[in-house]
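Record features (TrEMBL):
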TRANSMEM  12-33  transmembrane segment
TRANSMEM  53-69  transmembrane segment
TRANSMEM  81-104  transmembrane segment
TRANSMEM  116-135  transmembrane segment
TRANSMEM  156-173  transmembrane segment
TRANSMEM  193-213  transmembrane segment
């Protein structure tokens, strides 16, 4: 990972993209495993504690890995990038919670803990990686997310999983208003499954694009 600290835009390779995504994916799997095998929890019957375990395991992995990919490492130390990620977690959680409430998430004290833990998990997917890499650089945030114009493998690593998580959560919300009366229709169970599925699909997609871009660069060099 030391190579990433020199110039993440130019030096990040497809193998490094694969390594970061695999670690993040394994952290997710570890969260589910710990919840089920250690605490006998799952999202359907205890979403609050399960989500808390998942984001508490996922977030440290995300922040430690993406802080290695920080922009301009000669001006921003590794620990500064970690601090930016720590600050980004609650900020991103607030934005995700407000977005969910605006789109119809239930309001009430009985839903507060569920919404908070879901929002913290979503922030780990969507906000924290970019906060570690770019901090408060509005130009980069606007280009990646508002304009959806990522540049290079690193920015696709930030963009695709984040968009995948948001789109997956949106699709996951569709069964909630249906009158099937299933336990998994409660907030935020199916939304969480959708977000996790979308996040994983986004990671696979960004790795595929990294392979294509590196193959294209090798072909141009060969010519």
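Note that the numbers count up from 1, one per residue, in the order the chain is shown.
A Cβ is built for glycine as well, from the same backbone N, Cα and C atoms used for every other residue.
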Using Cβ distances below 8 Å and needing 3 or more such pairs, separated by at least 6 in sequence, tell me whether the transmembrane segment (12-33) contacts the transmembrane segment (81-104).
no
Taking the transmembrane segment (53-69) as the reference, which of 81-104, 116-135, 156-173, 193-213 gives the largest number of Cβ pairs under 8 angstroms?
116-135
With the cut-off at Cβ under 8 Å and a gap of six or more residues from its ends, the chain residues touching the transmembrane segment (116-135) are 8, 47-48, 51-52, 54-55, 58-59, 62-63, 66-67, 69-71, 76, 81-82, 84-85, 87-97, 100, 141, 144-145, 154, 157-158, 161-162, 165-166, 169, 188, 191-192, 195, 199
